[in-house]
């Protein structure tokens, strides 16, 4: 009966991961913008790692001969599992940096590679502490990424949609980094009997599963609500332009009224049209336009259009 439960549990996980992967791939193939296509591709790789990792774990749980050989390979350090962690850590870093519109720093790359190399250190003799240290850097890294997401949420001027997901991801990462670490501490130091399992360092972590499940549901929610699959190209283009205009205005610290006028300027509307649409006087519109020119360091509309087009090119 226990074997059947484990099999069903793994099957349900694979179905969920595959669903999230399929939706992500569909969006990647239909997306025309390079930046968003890349984002969906990296997200898809992230879900592929979920599927592969859980498949290997399920095989160690259900096939005893495979478990014995797998757990003793590489002197107790699984190269396959370590590679999963490497790809997983990089994808998490890249996705959070992309959502927060921040560049990945060189030292962050170095930490990801450093964790990978540390995990590859051979184990001459299995011990609880060595197994614990094998997993520990990844939980510390997850906590850092959660803190990075929350820092961007509170300190960066971003579109509300981005900030919403940064907050959710940040809280999930921080909470589950603690839960995963606590579960590892209990399982490794209390439950595992190394005299029985020898070099078995591949343990299923339920908290880690719950974290991946939460991310899958969050991504599915995003695709169904903030990146719908079935929208017209005109609607997509309009949403795309509005998103970049908002980011453009935020970067140049325009006020709410200046943002409204800037958007109408970029739509090539004349001062009189802007005044009528916003119920303002011509003098007020001209004053706001003058302030926009000062903040963006341009002198005329043609320069503003050129500045915005360069911004689009740099961020798309």
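Backbone N, Cα and C atoms are what each Cβ position is placed from, and that goes for glycine too.
Summarised as a single figure, the pLDDT of the domain 'HTH luxR-type' (247-312) averages 89. Residues or ranges marked as domain 'HTH luxR-type' in TrEMBL: 247-312.
Positions annotated as transmembrane segment by TrEMBL: 6-26 (among others).
Under the heading transmembrane segment, TrEMBL lists 38-59 (among others).
The transmembrane segment annotation in TrEMBL covers 79-97 (among others).
Here TrEMBL flags 109-126 (among others) as transmembrane segment.
Summarising the annotation, TrEMBL assigns transmembrane segment to 132-151 (among others).
Annotation comment: TrEMBL describes 171-191 (among others) as transmembrane segment.
Marked as transmembrane segment by TrEMBL: 211-230 (among others).
Taking Cβ pairs closer than 8 Å, the transmembrane segment (171-191) reaches residues 92, 128, 131-132, 135-136, 139-140, 142-143, 145-147, 149-150, 203, 205-208, 210-211, 214-215, 218 in its own chain, all 6 or more past its ends.
According to DSSP, the domain 'HTH luxR-type' (247-312) comprises 51 helix, 0 strand, 15 coil. Taking every listed stretch (38-59, 79-97, 211-230) in turn, the largest tally of C-beta pairs under 8 A with the transmembrane segment (132-151) is reached by 79-97. A Cβ distance under 8 Å defines the sequence-distant neighbours of the transmembrane segment (38-59), meaning residues of its chain 6+ beyond its ends; these are 6-7, 10, 13-14, 17-18, 20-21, 24-25, 27-28, 31, 66-67, 70, 80-81, 84, 87-88, 91-92, 94-95, 98, 202, 204, 209, 212, 216, 219.
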